[in-house]
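What follows is a single structure, written as structure tokens, with notes after it.
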Amino acid sequence: MLWKKRKVLYFAGISVFILILLLLKLNSKPKANVWPTSSKIVIYNRIPKTGSTTFTNAIAYDLYKENGFSVLHVNMTKNRQVMSLPDQYTFVNNITTWTERLPAFYHGHVAFIDFQRFGIANPIYINIIREPLERLLSHYYFLRYGDNYRIGLKRSRAGNNETFDECYSRGGKDCDMKQMWIQIPYFCGHYHFCTEVGNPEALRVAKQNVLEKYLLVGTTSRMRDMIALLEVTVPDFFKGALGHFDSLDANRAHLRYTKKKIPPNDQTLSMIRRDEVYKMEREFYDFINNLFDAVFKKATNGISKADDLVKLPLQYHFEKIKPS
């Protein structure tokens, strides 16, 4: 009889325990998709000939010791800017689990990768773009005359002194408007249509990614303003960046300056400005420029001075705190 009572109590206890577990499971809220290391990784998917070498070397590589972070270059095979889906997965997995390197600043000529597609929160994305024709001209003459960064290196078009005007008039490859289709794809990402020259969907997605996935995108002409914004927005990486940038001599503050550039004539400019690819890239540039200008003015209370930005007090405070 005693054994039967104990058996009943035993099964009753098990039933209550199972019931409690079920209730806890039903009442528990699903955990948010939080990646604790997301704020410890900055990705700068840099675009060629936009001042990216200056920004990377004069800021990231100069400040990593003082601010205590790692800097890593993402070297893309055969100068590709996109990865296969498996490579995207391993890339996301590698940099989010490589805890020994955190906090980390990654940079490389690679199109935007959306970490959220793999169930992980995106890191801090930043970038810099340049007026599209200026960027193309810089790249065109860079291939022929090189720059002030790696002086002894012979470039692929060395000895070819054809001007951009001459190239454009004969329909040359180096000055083809397909060569201008580069900044939109970098922000569009890895969808198949991103690299399709002149695809309107690529422009739409690029704009959307800038708004939703990037912390900040600046322009080459306002690099100093961008550095000031980053210093107060991501101080763990960019503390002291503006003062350091201002202390650099002219050569270090403008690395990879193309040695010789010949401005195109009015006829060439007129034809390029009517080209649909240029119009789209220019629309994207203006979109970024206007967005950055609005962010900067808001951050500086309309003063629009980088020097004042790092000194401005907070525009909010906490009060009525309970428990006191």
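Keep in mind that glycine also has a Cβ here, set from the backbone N, Cα and C atoms.
Swiss-Prot has this to say about the protein:
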- 1-6: topological domain 'Cytoplasmic' (TOPO_DOM)
- 7-24: transmembrane segment (TRANSMEM)
- 25-324: topological domain 'Lumenal' (TOPO_DOM)
- Asn75: N-linked glycosylation site (CARBOHYD)
- Asn94: N-linked glycosylation site (CARBOHYD)
- His107: active site (ACT_SITE)
- His109: active site (ACT_SITE)
- Asn161: N-linked glycosylation site (CARBOHYD)
- Cys167-Cys175: disulfide bond (DISULFID)
- Cys188-Cys194: disulfide bond (DISULFID)
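Features recorded in Swiss-Prot, as mapped to the structure shown.
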residue: Asn75; record: N-linked glycosylation site; Cβ neighbours (10 Å): 9
residue: Asn94; record: N-linked glycosylation site; Cβ neighbours (10 Å): 10
residue: His107; record: active site; Cβ neighbours (10 Å): 21
residue: His109; record: active site; Cβ neighbours (10 Å): 18
residue: Asn161; record: N-linked glycosylation site; Cβ neighbours (10 Å): 11
residue: Cys167; record: disulfide bond; Cβ neighbours (10 Å): 18
residue: Cys175; record: disulfide bond; Cβ neighbours (10 Å): 25
residue: Cys188; record: disulfide bond; Cβ neighbours (10 Å): 25
residue: Cys194; record: disulfide bond; Cβ neighbours (10 Å): 23
- Query: Taking only the recorded positions Asn94, Cys167, Cys175, which one has a CA atom nearest to the CA atom of Cys194 (disulfide bond)?
  - Reply: Cys175
- Task: Using C-alpha positions only, work out which of the recorded positions Asn75, Asn161, Cys167 is nearest to Asn94 (N-linked glycosylation site).
- Result: Asn75
- Task: Quick one: of the recorded positions Asn75, Cys167, Cys188, which has its CA closest to the CA of Asn161 (N-linked glycosylation site)?
- Result: Cys167
- Query: Using Cα-Cα distances with a 10 Å cut-off, which of the recorded positions His107, His109, Cys167, Cys175, Cys188 are near Asn75 (N-linked glycosylation site)?
  - Reply: His107, His109
- Message: Rounded to a whole angstrom, what is the C-alpha distance between His107 (active site) and Cys167 (disulfide bond)?
- Response: 32
- Message: Please report the Cα separation of Cys175 (disulfide bond) and His109 (active site) in Å, rounded to an integer.
- Response: 21
